[in-house]
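J.: For reference, TrEMBL lists these features for the protein:
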type    : residues                                          : note
BINDING : Ser35, His68, Arg90, Phe91, His92, Ala122, Ser227 : phosphate binding site
BINDING : Glu208, Asn250                                    : purine D-ribonucleoside binding site
DOMAIN  : 29-262                                            : domain 'Nucleoside phosphorylase'
Amino acid sequence: MTVITEETYKYSAEFLISKLPQEFQQVDLGVICGSGLGGLVDTIDQSTKVEFLYKDIPGFVASTVVGHAGKLVFGHLGEFRTPTVFMVGRFHCYEGHTMLQCTLPVRVMALMGIKSLIVTNACGGLKSEHKVGDLMIINDHLSLPGMVGNNALIGANIEFFGPRFPAVSDAYTYALRKLAFKAAFEVGISPNDIREGVYAMVTGPSFETRVEARYLATIGADVVGMSTVPEVVVARHAGIKVLGISLITNDVVRARGKDAKLEVMRELGLTDKIDTEEDTEKTFANHAEVLETSAMRSNDMQRMVIRYADLLAATLI
Ligand SMILES: O=P(O)(O)O[C@H]1O[C@H](CO)[C@@H](O)[C@H]1O
């Protein structure tokens, strides 16, 4: 296991601070941009923005996924010009990174002063009432890797950040979820296009089998993705408040699929039963579809995040 010490995090933060103008040496808000959702940084004041490629920051690993630019951007967000740090592209375990490597930027952001983190992601919808393109405010998560031995906090606890056994039952606080819905409605997102629910994390990179999808829905998940949870756990451990926003980019195939045996028996006249199961062969999940939906809906998500940052800056939450 890669060991990352308190000094490693501090070294990365000090590196950034030494290169940043004073206005960004301490930031209030962090934003992690999910697949295809990095366009948010195009909405910030371009004249004050400062960018670092991940490959140039000590301790950071490389971002290898299409739709994840691989840069850390500092800028002013919204009308209140909140000093914000954006991860434009995140790290995933399926890229070969450990959870500690994937979450290193969150601790670096903690050292740079963030009090609040907005985590966004692209995900697959598991419920028939969801539409592709819907937004979902996360109200809880189901960490499949975390439950079976791959929790982001495994290893020596760094007391400097937080306690050995942090509670995450309130990771997605009610007050912030309310603020997010307020932001969404104020920017004109229809209540029919935004919901609240449970995000399940799997490691990927293969998408779910049909039975895995049914299993996830049965055990309480509304959507599934391959990120977010490690970042949230590490942020909550460090006392950072979290808002999670998912964009449902595709429908996860759940139908059982046609019964081959029955079909052959019917063709040979051995039975007259007909398989009524829907044929979903054409709807495989794929990353191109994920990026396509992100591109279609990223504007709404951006407007909502900007409004949320302003509401947050205007409240004492
Ligand atoms: O969670 P983000 O980074 O948004 O990306 C999602 O999209 C990719 C699959 O298309 C996976 O990486 C999944 O986690």
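The backbone N, Cα and C atoms fix where each Cβ goes, glycine too.
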J.: Cβ under 6 Å from an atom of ligand 1: which of these binding-site residues qualify? The list is Phe91, Glu208, Asn250.
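T.: Close enough to ligand 1 is none of the binding-site residues.
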J.: Cβ-Cβ under 8 Å from Glu208 (purine D-ribonucleoside binding site), same chain, 6 or more residues apart: which ones?
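T.: Residues satisfying the criterion: Gly124, Val202, Leu216, Val224, Val252, Val253, Ala285.
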J.: If you count other Cβ atoms within 10 Å of each one's Cβ, which of the binding-site residues Ser227, Asn250 has the most?
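T.: The largest 10 Å Cβ neighbour count belongs to Ser227.
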J.: Enter the number of other CB atoms within 10 angstroms of the CB of Ser35 (phosphate binding site).
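T.: By my count, 26.
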J.: Return only the integer: C-alpha distance in Å from Ser227 (phosphate binding site) to Asn250 (purine D-ribonucleoside binding site).
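T.: Rounded to the nearest whole number, the Cα-Cα distance is 16 Å.
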J.: Using other CB atoms within 10 angstroms as the count, which residue among the binding-site residues Arg90, His92 scores least?
T.: His92
J.: For Arg90 (phosphate binding site) and Asn250 (purine D-ribonucleoside binding site), determine the Cα separation and express it in whole Å.
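T.: Spelling it out, the Cα of Arg90 (phosphate binding site) and the Cα of Asn250 (purine D-ribonucleoside binding site) are 20 Å apart.
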J.: State the mean pLDDT for the domain 'Nucleoside phosphorylase' (29-262).
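T.: Mean pLDDT, the domain 'Nucleoside phosphorylase' (29-262): 94.
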